[in-house]
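Per Swiss-Prot, N6-(pyridoxal phosphate)lysine is recorded for 38. Summarising the annotation, Swiss-Prot assigns active site, proton acceptor to 38, 267 and lists sequence analysis as the type of evidence. Under the heading substrate binding site, Swiss-Prot lists 136, 315, citing sequence analysis as support.
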């Protein structure tokens, strides 16, 4: 791929992203859709993905850290953006001036935000997190938590935009715990209402709940992995959403050689040829997000066939056995993650090998890997991060 700084790239089909979001919009109806684009939009590239999601049904965005929000604002995105995690108070002026909605789960922090906002003659917009069973961040849904949230709602420099929780098991078949979490949130909100507090945007549904639990939608939903075409688990009702992965990871063959029988490949001599073999070297490794855990286990698609990754994956390179494939040469295109002509090796397959989840596979693709964006099968943009 001549338009990239190196022969490794991720192709992102923006039409597929658009279709995934339209599917989500059709499912949730008129509810607010908060599209989660943290971690560089799960490895897809936040700027172009965010715009596409907003154009096709999303009304809001969510990120994890202040720099992710700044990137979106600097690119001219004006849609509401919430930060799901912690932001140091020294960034308060940035939050307030850029109208970034900060998650709050500590009274003293909220007071400091309020003070900063009053000095600027503005209000800090916040979402209040309630820990209904994730055990991560948020006020506990008890009397003490209620009193703290009521105190935050009374602060003169704070505008409470949202109240939310995060489900920990909504992608599992047994929804009992998710229903318990949901009940705690709705009971907490009722207690606020009984105290004269109305928060306009209540949201709890993540990808698993969006697919399986429409009764948890409240005022809005937060879609993450499903925007990118992957299901959160194998236990959700896939028939509720027709999704397609938008990202394909590709490279070109960098070298081809023949090795005699009983010759070793890569570090540690973990692979030895059993016969005369043809080995191709690919210019991608674990520094690119192609994990060392794939050593000797993954496969790629080349010339319409599968080829096995052999030996240990190196920092910048790995090797495949192409003995069974004719006429493999330098420059041939290889699919490391994706599908072609009925052959598939995607983030789910990779995650199974590595003992992880498809989310991590996508997020691992590093900034060394250029992103190529396509619409109508035409390249519309290329990003070389480094």
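Backbone N, Cα and C atoms are what each Cβ position is placed from, and that goes for glycine too.
Non-local contacts of residue 267 (active site, proton acceptor) by the CB criterion (under 8 A, 6+ apart in sequence, same chain) comprise 311, 312, 314. Rounded to a whole number, the C-alpha distance linking residue 315 (substrate binding site) with the residue listed as 'N6-(pyridoxal phosphate)lysine' is 26 angstrom. Within 10 Å of the C-beta of residue 315 (substrate binding site) we count 11 further C-beta atoms, all protein chains included. Of all the recorded positions listed here (38, 136), the one with the fewest other CB atoms within 10 A of its own CB is 136. Each residue contributes its Cα atom, and for residue 136 (substrate binding site) and the residue listed as 'N6-(pyridoxal phosphate)lysine' those atoms are 17 Å apart.
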